[in-house]
Amino acid sequence: SQYSAVDTNPLSVYIMQPIWNKIIKIVPLWIAPNLLTFSGFVMILFNYFLISFYDWDYTASGTSPGLVPTWVWLFSAFTTFCAYALDSIDGKHARRTQSSSPLGELFDHGLDSWATSIFVLSFFSVCSRDNGKTGVSVYTMYIYLSIVLFNFMCSHWEKYNTGVLFLPWGYDISQVVLIAAYLLTGTVGVEVWQKPLLFGYYITDVLVILLIGFSLFLSFPQTLYNIHRAHLKKTLKNDSLYEGLLPLVSPVLLFILLTVWVVLSPNNILAKQPRLFLWMVGVAFSNVICKVIMCQMSSTRPELFHWFLFPLALVVYAAVSGLLGSMEEAVLGVFTALLTAAHVHYGVCVGRQLSEHLNIYIFSLKKRVQE
């Protein structure tokens, strides 16, 4: 299927695109577009692990404000900008080198589906978790992350139904806000997040309200409107409501299972291990969304239940019923490691199969020699 995307965001169209068009001219023509995509992702990952090293349990900014060195925040601003730039120019570079392919599209969106949660998890270190005075509660973090992933899911669910990816306005805005937040933290210090901004509200409150407002009153209605418009024009890919809603079943069940674990955990797992749990949420969603992207690209029907819901349901049952007892944290650790390995394995396998099928290399513009 021919890739089609529509971007109507004024920030993107009038400010960012001209910048990307200048940056793209520096990129040598022999570099493969997927290499740009992957480099951006590696930078986000590296930055995430760097912040995790200084602030494993999301308390550094709240209790001991000097714990994360200033250079880390400035480095975060730099890596976020680079990743944003690389993610924005990879498609342009592919058209420039005439190497656009379904593999590139899948690679880009697949890594984006994972990067989305990593951006959010890195940002939580800026505002720190609730310590009675400032910060956000771990439950707010969980809801916040879920809303961002729901938004990402919606734009791909919409593409599954309409064949067109309407780039969500939230993407460019969130990237610019993230970079500004890191720069602000690096120059002024984390204290800026701990003083009320207006009427006793903190900057973090304002950002949460903005995010929820944007999602529920801008992104989601826009998605429904675009699907409705395609329905009126008779350009919908799926005839039945059942087929149209099918990709949403697994993500919704995933969210329900995870929420049951969060709410009913005897050891209060989210408060004990917020970083581990939220990382697991991000990986799980990414894997589910990748399957939807695959189905949408290959025009196949997604299965009703994603395979991974079964082991998750078992673990959640064992945890909330008290079967795991004090082993809950250890089991979460092992489960998260296995899930992450499975996700990486899935990505590598799909990438290799597509590269063989399309007769192209993932990270090189050289053509494969036909055997």
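Glycine is no exception: its Cβ is also placed from the backbone N, Cα and C atoms.
Taken from TrEMBL, the feature transmembrane segment covers 26-50 (among others). Within the same chain, residues 72, 75-76, 79-80, 82-87, 89-91, 93-94, 96-97, 99-100, 103-104, 107-108, 111, 114-115, 118-119, 121-122, 361-365 sit at least 6 positions outside the transmembrane segment (26-50) and bring their C-beta atoms closer than 8 Å to a C-beta of that stretch.
Annotation source TrEMBL lists transmembrane segment at 70-86 (among others).
Listed as Cβ neighbours of the transmembrane segment (136-154) (distance under 8 Å, sequence separation of 6 or more from its ends, same chain) are residues 58, 112-113, 116-117, 120-121, 124, 127-130, 168, 170, 174, 204, 208, 211-212, 215, 219-220, 223, 248, 251, 255, 262, 270-271, 274, 277-278, 281-282, 285, 289, 292. If you look up TrEMBL, you'll see 136-154 (among others) marked as transmembrane segment.
Residues of the same chain lying 6 or more positions beyond the ends of the transmembrane segment (197-220) and with a Cβ under 8 Å from any Cβ of it are 127, 134-136, 140, 144, 147-148, 150-151, 154-155, 168-170, 173, 177. Annotation source TrEMBL lists transmembrane segment at 197-220 (among others).
According to TrEMBL, the transmembrane segment annotation covers 241-264 (among others).
According to TrEMBL, the feature transmembrane segment maps to 276-293 (among others).
Away from its own ends, the transmembrane segment (305-324) comes close to residues 249-250, 253-254, 257-258, 260-261, 264-266, 269, 284, 287-288, 291, 331-332, 335, 339, 342 of its chain (Cβ-Cβ under 8 Å, at least six residues beyond either end). Annotation source TrEMBL lists transmembrane segment at 305-324 (among others).
Beyond the ends of the transmembrane segment (330-348), by six or more residues, the same chain brings 110, 114, 269, 273, 276-277, 279-280, 283-284, 286-287, 290, 308, 311, 315, 318-319, 324 to within a C-beta distance below 8 angstroms of the stretch. The feature transmembrane segment is assigned by TrEMBL to 330-348 (among others).
A contact links the transmembrane segment (241-264) to the transmembrane segment (276-293), because at least 3 Cβ pairs that are 6 or more residues apart lie under 8 A.
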